[in-house]
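Asker: Right, I'll just put the structure down here and ask away after.
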């Protein structure tokens, strides 16, 4: 079954935040172009611009360089496209990542090699998180291919393939466009592959080609047609039968949602199965935000020894657990210390199902499997009833004395009160992972963090991109000082775009997460005057408000100003925290990850 794709149908997760990737089911029409197809504007550059608009992209993040300038002219000329100039390529890539999390697909444009290799780290992160990003590079003049010429922005070799080879391992398709005859085919294949695979793609466009009219671009382009993936019908029936037998004989089964619910477009199907079965419902840390936390059977985050209260006890004591789209790495397993037994697990990945120690069923889509399995399950609320019996509401941080130095747990108690359906949370790599994990998300509140790749500094660019896509939400970013020093420049771009984000900069003097894994002098950083830095970036242009907070009284006042008087401003709140003020979860997690990292070599 083929389905025409025009504007990407963005799928909302059950809690209302945009999460799952472009929906492929359901026919929709390609947007008509504002450019007459018989005009001299029928060029490669305009074709690429139109294609980006047609898949739902309205903002492209870029850094200009001499090899992409002509292409940028044509992107700017497309009425439906806004070019967002970033301070560096790494942040442009992170912004495309954040944009894709909200809109379903993102795009960035950089220049050859010096730009491409700079954005590479962000593209690798998007690949690990299954995000479709169209990474466009302005390449060399097409006449220079196959010559012995040495170009600038290269390593001094006449071989121009270095950048391409680097991208081959972190993109699912690579297109080098150096002639006009097959340019449309290469571009369209790249874009459609990104949507089908939910991974980044690489498109290099020769710098002399974007402005040249060509007959290929003078006609209405053929609409995108993506072959819908389908489950093997007999395999699906067999898997559902085996899984229903496995679960229906269990006494206290549970369900745990993971990050691959997004790429499988199975968020709603997962919740429907929870409704039908009555099972207790949890998420892995990187699945937070994909499952509604207001669901009546939601029991929290399962993260081994650092799970939310009473969640691990229920999951690990279950006699059957359904994991939908999990990633079990050293971080998510807390240094490989999860108390799970394979024979009790039903593991559902986007295209296969494994029951206990076997069998495994392939060519089965997660969404189809969950929907079919829901109809076969007996109602069983035992695990949730057990949770309800043992659950004790969490306490509150100790009352602060007047002007007492602010504690991080008090900070997050106040951030909790700020959350609503009109907000989204971006959590930076570090202790914010653990503190934000404990936030209870109201219906419709967005939530994003990068756990698999865990690149410090990701959140600055991701906040820029997410806010640019989700204009109906105010983004609250929680960023540590060490991470902020990596990518701080693009607060400037947020101001240029008129964004109204609230950034909590937690200044505790170093890389706290690394301190808890393995301490050393390298984890101490030079302290900055962060509010002074943002004021300098602001420079009187745009709406910006900054403040430092030292105690709870300061914090309460700052939040009130940020949410009322300065609700239409970018608000930067620097929170002064003690260097040893960390969550108890980080202390536990750090020691276990440290133990996993320091395992001695196996005997030879």
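Just so it is clear, glycine is given a Cβ too, placed from its N, Cα and C backbone atoms.
According to TrEMBL, the feature domain 'Thiamine pyrophosphate enzyme N-terminal TPP-binding' maps to 43-152. The domain 'Thiamine pyrophosphate enzyme central' annotation in TrEMBL covers 241-359. Here TrEMBL flags 450-573 as domain 'Thiamine pyrophosphate enzyme TPP-binding'. Annotated Mg(2+) binding site per TrEMBL: 481, 508, 510, in sequence order.
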Asker: What same-chain residues, at least 6 away in sequence, bring their CB to under 8 Å of the CB of residue 510 (Mg(2+) binding site)?
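Answerer: Expected: 481, 482, 523, 524, 525, 579.
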Asker: Check each residue in the chain of residue 508 (Mg(2+) binding site) that is at least six apart in sequence and keep those whose C-beta is under 8 Å from its C-beta; list them in sequence order.
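Answerer: Set apart from residue 508 (Mg(2+) binding site) by at least 6 residues yet with Cβ under 8 Å, we have 480, 481, 577, 578, 579, 581.
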Asker: Would you list, in sequence order, the residues of this chain other than 481, 508, 510 that have their CB within 8 A of the centroid of the site's CB atoms, where the site is the one recorded for Mg(2+)?
Answerer: 480, 482, 506, 507, 509, 511, 512, 525, 577, 579
Asker: Quick one: average pLDDT across the domain 'Thiamine pyrophosphate enzyme central' (241-359), no decimals.
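Answerer: Over the domain 'Thiamine pyrophosphate enzyme central' (241-359), the predicted model scores a mean pLDDT of 97.
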Asker: Could you break down the residues of the domain 'Thiamine pyrophosphate enzyme TPP-binding' (450-573) into DSSP helix, strand and coil, giving a count for each?
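Answerer: Its residues fall into 60 helix, 26 strand, 38 coil.
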Asker: Could you give the number of helix, strand and coil residues in the domain 'Thiamine pyrophosphate enzyme N-terminal TPP-binding' (43-152) as assigned by DSSP?
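Answerer: Grouping H, G, I as helix and E, B as strand yields 51 helix, 22 strand, 37 coil.
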